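Visitor: Starting off with a structure, shown below.
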Amino acid sequence: MHLILTISSQCSVSSLFIPLTPSSVKLVCFFIHSTVCSARMRKPTVLGAIAISEFCVSFTYNQNVFPALTFLMFPLALFLNGMAAWVSLHLKSTSTFVVYLKNLVAADLILTLLIPLKAASDLRDAPKTLFKLSCRFFSTTFYSTQYTCITLLGFISLDRFFKIMAPRNKLLSLKFSKVTSGFVWLILFGGTALPNIILTNKSAANTTDISSCMILKGPDGIQLHGIIVISLNVLFWVISVIIAVCYICIANKVFYSIRKSGSNNNQGKQKIKLRVFLVVFVFFVSFTPYHIVRIPYTFQQVSYSSMTSCSYLMAKFAKEFSLWLATANTCMDPLLYVFLCREFKEKLTSMTKNVLTTFKVAAAGKAEATSSKNRL
């Protein structure tokens, strides 16, 4: 029994008659496998193209997943940040930490209020008018406020560092913290959001073709967008190093003081370790994935990559997933306030007790009024 193997090339076609033995079958299989693999390396086959196409299409079908998850996050974020804002309004700005904390609460609350607007505009069938508004106003303000949060977290770390390492430092004055917080808001909004708002002014010839915010930017707007993204990415990594170094130094200083005093306060050491771990862990888990994938995605944005290419769709998927993680930080920060700020924790406990007492008194009064009415 023989196998006829036809080998074709651009110039000729030839046939081989091969006897079917176990060794020859293995040889033929290896030949076919090698030929197909080398062909795929040179140029995708039809079947390979179909497989890649189907793989890419699956990403487009997932376009509504992350907006839906963001909508689900919104009620929890609104409750936690609303409560944090309520507590911070009743806190007196008696320390630099509280000043930075109040600004961070305000930034988180703004982010929370922008969540449904941005999520709605990211839906696949979102109205084009809403998408254009998001590109120009909602998204730019969202990202600007997100980096305001990141920067304020960096200043909170520096504040705690100087309080332990150099308690008499001038950077610990209330005036300095207020001026610094104001500059953070001004520089990040004025230097990132405002230019993008101004330069996202291009009108699309066909509104149905708007699938990316880059379409609404001119050449200057696209170039500026790339510069801003890279600059903010550098800012994040600088702040990441600051936060890591500050909290490691704080932990070492506290442990040294405990050892020097001869105390065996293991419970205190565990609390310090937990606080340092929570702050660093939440920060890096929330923001690091986004900043790893953001620059490759932006390079594809500004280089006019095809919006349907596999590489672009995969980069967009990674960016949307990591952005959802970063947005989830709005739910994490209010929990960190309780761990990091004793005044915040005490005020929250006191106000919660007052509210519960008020409800109990109101319920008791209503019950008494009902019983009196029944007696009559």
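Backbone N, Cα and C atoms are what each Cβ position is placed from, and that goes for glycine too.
So TrEMBL has the following annotated:
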type	residues	note
TRANSMEM	12-32	transmembrane segment
TRANSMEM	68-87	transmembrane segment
DOMAIN	80-337	domain 'G-protein coupled receptors family 1 profile'
TRANSMEM	99-117	transmembrane segment
TRANSMEM	137-158	transmembrane segment
TRANSMEM	179-199	transmembrane segment
TRANSMEM	224-251	transmembrane segment
TRANSMEM	272-293	transmembrane segment
TRANSMEM	321-341	transmembrane segment
Visitor: Averaged over the domain 'G-protein coupled receptors family 1 profile' (80-337), what pLDDT does the predicted model reach?
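Guide: On average, pLDDT over the domain 'G-protein coupled receptors family 1 profile' (80-337) sits at 87.
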Visitor: Quickly jot the same-chain residues contacting the transmembrane segment (99-117) by Cβ under 8 Å, restricted to those at least six beyond its ends, or write none.
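Guide: Answer is 70-71, 73-74, 77-78, 81-82, 84-85, 88, 91, 93, 134, 138, 141-142, 145-146, 148-149, 152-153, 155-156, 159, 174, 177-178, 181, 184-185, 327, 330, 333-334, 337, 340-341, 344.
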